[in-house]
Amino acid sequence: MDATTSGTQSIQYPNIPDQPVSMPPSPSLNRQTRHCFGDATPGEFPLSANPSIVLHVLTGCNLDPQDLAKLEATCSFFRQPAHFAPDHELCLSELAALDMCEKRAIFKPMNLEKRQDLKLRCGGSWKLVLRFLLAGETCSRREKSQAIAGPGHSIAVTSKGSVYTFGSNSSGQLGHGTTEEESRPRLIRSLAGIRIIHAAAGAGRTMLISDSGQVYAFGKDSFGEAEYGAQGSKQVNTPQIVESLKDIFVVQAAIGNFFTAVLSREGRVYTFSWGKENKLGHQTEATDLEPRPLLGPLENIPVVQIVAGYCYLLALACQPTGMSVYSVGCGLGGKLGHGMKSDEKQPRLIEQFQTLNLQPMVVAAGAWHAAVVGTDGRVCTWGWGRYGCLGHGNEDCDSVPKVVESLSNVKAVHVATGDYTTFVVSNDGDVYSFGCGESSSLGHNTADVDAQGIQHAKILSPKLVTSLKQINERVVQVSLTNSIYWNAHTFALTETGKLYAFGAGDKGQLGVELVANQTERPTPERVEIDLS
C-alpha cells in the first residue's frame, strides 16, 4: 500500500548515499558470513541500502544510553568504511564501539596485544573500553584546551596542544630557559611539533604529557617535597623527558605536596616519593625517582582520573558495574571519605556513593577536602569544612561524602577544589563558589577585614558567581590554586576558548596587567590568549 494513500508518513533518511559500504570478503562463506538482508553479496554490509537495520541496532540491541547517544551522533559509521578489518565474530554494536575507539588518540597507537589486554582489563567488551576512554576524556579534558592555576604560576594548553606559561619562575617552572617572571602568557617554543594533551602544576614544578604518552618535567627536580634528601637541589628550566617513565604511556599526572602520581593509558596508577613510611603502599627511599605501581585493589581495576591533595590521592575507577572512587594517604579531617580519620596505605573504596545511589563522574581533591560530581548532576563534598568549603552552610568536618543540598536545583558537570575553596560548574555554564575567598579568588568581590587589615571572605553555601555570568560566555572548566603556601588565583575557561582570571596576581600568574600597587584582581578579566 502506498504511504500517501494510507495516510501514514514515510520515514526519511536524508544524506544517506545510495550504495553499499563494501568490505573485504570473508575467507569462508559458512556460518561466520554476515548477510545483512535478503540475497546480499556475502561479506558486504549494505546498511545504506536498508537503513532500517540501523534503527534496529540503535533500538533493539540492549545498548546503554551512552552507547545509543554516541551511535546516533556518529551515523558516519554506517556510511563510511570502518577503521579496521572486519571481525565476523563481533556483533554490530561491538563493531561500532571498536570503530569509535579507533578514533581516540590514545587508542590508535596500541598494537593488537595491548588492545586485547585493555579489553580484558575493562571487562571483555569494546563497549566497556569505549566507556573507559570517554570517561577519561570527560573528567580530565584530555585533548582539549585547558588552564591550570598552579602555586604562583600558570599553564594554558590550546586545543592543538601548544603550551603557554606565565607567573613565578624562581625554579625555571615556566620552561623558557630562564628564571625570570612572566606577567603575560608566553609560548614554550622548545615544544614545537609536540602536541600536549595534559598539564599539571606543583610548587615550583610543571609536568606536561604529550599525545604519544611522553612526560616532560621542569622546575624543581623533585617528585616530592624539596626538603627530602637531594630532591629539588637541581633546577631544570626547559622541558625534559622523564626517563624513568619512558616505558609507560602516560595520560595524566597529579602533583601533591609530598608525592607525584601518574596514570597510564591502560588505567594503572604509579607514584613517586613519599614511600619511606609506606605511605602509598610501597617501601622506598624518599630520593627514589622510579615510578612505583599503586598496589592493592586498583591493580586490576582501570582508573580514568587521579587527583592529588596536600597529602592524599583520589582515583576514579571504571568497572563493568559502574564508576567508583578510591582514596589513599593521610586521613586527617576525614578527607579519605571512609567515616574515620585514619590513614590508608593502600587504595580503599569509598562506599558511601553506593548508599547515596550516585555514580561518580568527576572527582576533585583540594588541600584538605574533596568533591565529586555524579552523572545525575549531584555534588558531594567531604573532609575539613573550614570557611564553609563543603557548602553545607557550616564549617563542620564530614568524614563521608555528603550531597550539597543547596545545589539540588543545579545539574553540575564539573567541580574544582583548592585550599578550603570549591567551585561548581553547571550544565548551562553557570559557576558557583564557596569556602575561603582570600585574595578575591571566589570571584564575589566581597570580604570582611579583621583588626590587622587582613581580608577574610567566608561563603558557607554555594553562591552564583555573577561576575562570570556577566561575560555572557558558557564556562566549561574552572581551575584554582591548590596549595596552602600560595595566595590563590582562579581561571574560568569558556567553550569558545576564552580565558578569564581573578584572584592573586602578585607574581604575574593571572596573565593580565594590574594597576600600580595592586596584587590581586577581584573580578574576572580576559587573558589575551585564544585556547580554541
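Each residue, glycine too, has its Cβ placed from N, Cα and C.
Copied over from TrEMBL, here are the features:
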- 1-13: compositional bias 'Polar residues' (COMPBIAS)
- 144-479: domain 'RCC1-like' (DOMAIN)
- 1-33: region 'Disordered' (REGION)
- 161-212: repeat 'RCC1' (REPEAT)
- 213-266: repeat 'RCC1' (REPEAT)
- 267-319: repeat 'RCC1' (REPEAT)
- 323-376: repeat 'RCC1' (REPEAT)
- 377-428: repeat 'RCC1' (REPEAT)
- 429-496: repeat 'RCC1' (REPEAT)
- 497-532: repeat 'RCC1' (REPEAT)
### Query
Per DSSP, how many helix, strand and coil residues does the repeat 'RCC1' (161-212) have?
3 helix, 24 strand, 25 coil
### Task
Select the range from 323-376, 377-428, 429-496, 497-532 that forms the most Cβ-Cβ pairs under 8 Å with the repeat 'RCC1' (161-212).
497-532
### Query
What else in the chain is close to the repeat 'RCC1' (497-532), if you only count residues 6 or more beyond its ends and a Cβ gap under 8 Å?
145-147, 149-150, 152-154, 156-159, 164, 166-168, 181-185, 439-441, 443, 445, 467-468, 471, 473, 480-481, 486-491
